[in-house]
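A.B. asks: Take a look at this one; I'll ask things after.
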């Protein structure tokens, strides 16, 4: 692809940014990306700054930031708000660690249930199904 990333149509822009056209339009509706003026009788054009912005959004998404959080990061992107950006990242890191702990607990329980399923003999009820039914019963009895 050419290195000239100026004066791009939306299709070429989307390809350069590694997304599809609908993603570009979605980001515009969400306020993450500007919608360029449409010259009379012509089509909108995008430039390198737009490509960089979309790549920023995608990078932030890969780190788990929501679109609202990304909008806040974009607001801070002049490089002078490192403390605020760091605070956002610390909150995200806390969320990630909590999710990892939840996943570890889920893995332990599932592993135990799989072992119990493999260890069962005869026509005994499936430990996994019994456990899930027990949880469902507890949830029903807790309802008002």
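Note: Cβ is positioned from N, Cα and C throughout, glycine not excepted.
As annotated by Swiss-Prot, DNA-binding region applies to 10-29. Positions annotated as Hg(2+) binding site by Swiss-Prot: 82, 117, 126. Feature annotation from Swiss-Prot assigns domain 'HTH merR-type' to 7-76.
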A.B. asks: Using a 10 Å cut-off on CB atoms, tell me which of the binding-site residues 82, 117, 126 is the least crowded.
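C.D. replies: Comparing Cβ neighbour counts within 10 Å for the binding-site residues 82, 117, 126 gives 82.
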A.B. asks: On average, what pLDDT score does this prediction assign to the domain 'HTH merR-type' (7-76)?
C.D. replies: 95
